[in-house]
Amino acid sequence: MGSVTCNPLAPPSTHLLLNPSKIPKFCHSRRQLHGSQRASKIIAYYGLKTPPYKLDALEPYMSKRTLEVHWGELHRGYVEGLNKHLAKDDVLYGYTLDELVKVSYNSGNPLPVFNNAVQVWNHDFFWESMQPGGGDIPKYGVLEQIEKDFGSFTNFKEKFIGAALTLFGSGYVWLVLKREERRLAVVKTSNAINPLVWNDIPIISLDMWEHAYYLDYKNDKGTYANVFMNHLVSWNAAMSRMARAEAFVNLGEPKIPIA
Amino acid sequence: MALRSLAIRKAIGLGKSVGLGLRGLQTVTLPDLPYDYSALEPAISGEIMQLHHQKHHQAYVTNYNKAVEQLFQALNKVDTSTVVQLQGAIKFNGGGHVNHSIFWKNLAPVHEGGGEPPHSSLGWAIDTHFGSLEALIQKMSAEGAALQGSGWVVSTVVGFKSLQLFHHCCCHCLYVSANVHLCILFFASLHASFWQWLGLDTEFKRLVVETTANQDPLVTKAPTLVPLLGIDVWEHAYYLQYKNVKPDYLKNIWNVMNWKYASDVYQKECP
């Protein structure tokens with residue numbers, strides 16, 4: 001484990017970011033103040049990120065009212081809850097949100113801050129997984145990879161919507177890039193679990209909690225999932241996330257020239 | 001607790017005759033509500049009641065019947081892996097049907113006694129175990145609000161120990177019993193869909209407050225538990241009216257709570 005000792009106050013140094021599995025274990029050892037005392041109390045850590053479009057831009061597929069309530073109240077509530085946790089506990093300060101999610105997941109025995117942290121992450125990701133005039137089909141590398149891993153785009157779409165409809169209770173449906181298997185997959189998670197905790201890289205997500213669609217579609221999950229695929233999903237966002245993911249996962253065989 | 005197998009038999013989905021399938025397979029039917037959809041206003045809106053009953057509960061009934069039909073066929077063919085694979089759908093949809101059938105009976109319009117506090121033996125048992133009715137309501141509402149997500153909250157106090165550590169799917173609760181019912185809840189819970197219950201442990205004759213995830217019936221917590229009252233804390237139960245303000249829902253629902261039903265069940269189990 002190299003230089004990693006159980007020093008809860010030291011946020012992981014940059015080089016560890018390249019190897020996420022080496023994030024130092026979250027441990028409650030005795031608190032020691034590093035360096036000088038902070039002169040003033042830090043009040044806020046995370047802000048509520050606005051979606052990259054106006055709240056009415058997703059009409060008629062996702063109403064302004066839904067955005068106002070889902071983003072403006074619920075997502076905001078999670079951010080405020082997260083900040084409250086961080087205000088109480090110096091140990092948590094210094095992690096990026098990704099790291100905080102992984103660390104507070106604590107291998108399946110999550111810490112109290114996990115729920116708020118992961119839901120902030122999930123919702124930031126979800127808003128960015130959609131765009132006005134979304135839907136249609138992806139292009140270039142994303143499409144190639146989907147066709148390679150699912151056979152065809154239609155097959156992938158069926159799998160994705162099928163997962164949304166067979167989710168029992170609340171949860172999310174994800175298109176993830178699996179790190180170990182080096183391929184794309186459709187994954188459904190319960191409640192607020194995020195594929196980051198298994199070290200995979202999310203590419204697209206669909207929020208299947210009832211609050212995400214109830215105001216617009218009542219209990220009609222099928223229409224909601226189809227509308228998401230046909231009109232909302234942002235393949236542009238997927239493309240940039242895939243491009244970043246390829247820095248961590250080698251998807252192709254290296255082309256070594258002969259002789 | 002016999003189900004009212006009346007009326008609304010929309011789309012049982014199998015085209016079979018009343019209740020009895022071709023091979024003697026019993027199907028379940030959507031029970032009728034004992035009151036109008038709008039009768040529980042303003043605590044629960046008519047729109048929610050109608051959707052909840054006609055869409056959600058009906059879907060559980062339909063899908064449960066489908067799953068059971070498939071199970072029947074798989075059992076006949078001795079297709080064990082399909083039998084096992086169907087368990088998820090049966091638990092979810094069957095549980096949804098069981099829970100909602102109880103739920104409709106748990107509620108009553110104000111003019112039919114909804115909200116009227118329990119008397120006689122149940123009232124006495126509540127005062128003994130929780131201190132007062134207000135304390136019980138406070139406890140159940142607090143638990144319901146704390147859990148993030150969907151599920152049912154049931155009341156469970158396994159009384160006489162002074163400190164009891166419960167590990168319940170990622171949450172840790174410390175109960176301090178006796179005179180002051182102080183409940184310190186450290187919820188790292190990820191529960192999104194759940195039910196809140198007031199139940200009776202028939203073995204120890206004690207009242208319990210419990211939560212169950214998704215559509216799990218109370219009996220999955222322990223076979224000796226009998227539900228007295230259940231609160232549906234899935235978002236579909238309140239979202240259209242209360243949006244994210246779940247605590248208001250959990251406060252107002254007590255105004256239409258049918259304590260008479262709970263008393264009847266209690267007296268039957270503890271005569």
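Cβ from N, Cα, C; glycine included.
TrEMBL entries are annotated by machine, without manual review.
If you look up TrEMBL, you'll see A:46-130 marked as domain 'Manganese/iron superoxide dismutase N-terminal'.
Look at A:H70 (Mn(2+) binding site): DSSP puts it in a helix. The Mn(2+) binding site feature in TrEMBL is assigned to A:H70, A:H123, A:D207, A:H211.
Positions annotated as domain 'Manganese/iron superoxide dismutase C-terminal' by TrEMBL: A:142-240.
According to TrEMBL, the feature transmembrane segment maps to A:160-177.
Same-chain neighbours of the Mn(2+) site beyond A:H70, A:H123, A:D207, A:H211, judged by a C-beta within 8 angstroms of the site's C-beta center, are, in sequence order, A:W71, A:L74, A:H75, A:F126, A:W209, A:A212.
A distance below 8 A between C-beta atoms marks A:H211 as the binding-site residues from A:H123, A:D207, A:H211 lying next to chain B. In this structure, of the binding-site residues A:H70, A:H123, A:H211, the smallest number of CB atoms within 10 A of the CB marks A:H211.
Across the range of the domain 'Manganese/iron superoxide dismutase C-terminal' (A:142-240), the DSSP-based residue counts are 52 helix, 24 strand, 23 coil. Beyond the ends of the transmembrane segment (A:160-177), by six or more residues, the same chain brings 122, 126, 183-195, 200-210, 221-222, 224-226, 229, 238, 242, 245, 249 to within a C-beta distance below 8 angstroms of the stretch.
Taken residue by residue with DSSP, A:H123 (Mn(2+) binding site) is part of a helix.
Around the Cβ of A:D207 (Mn(2+) binding site), the same chain contributes A:N122, A:H123, A:F126, A:Y172, each under 8 angstroms and 6 or more positions distant in sequence.
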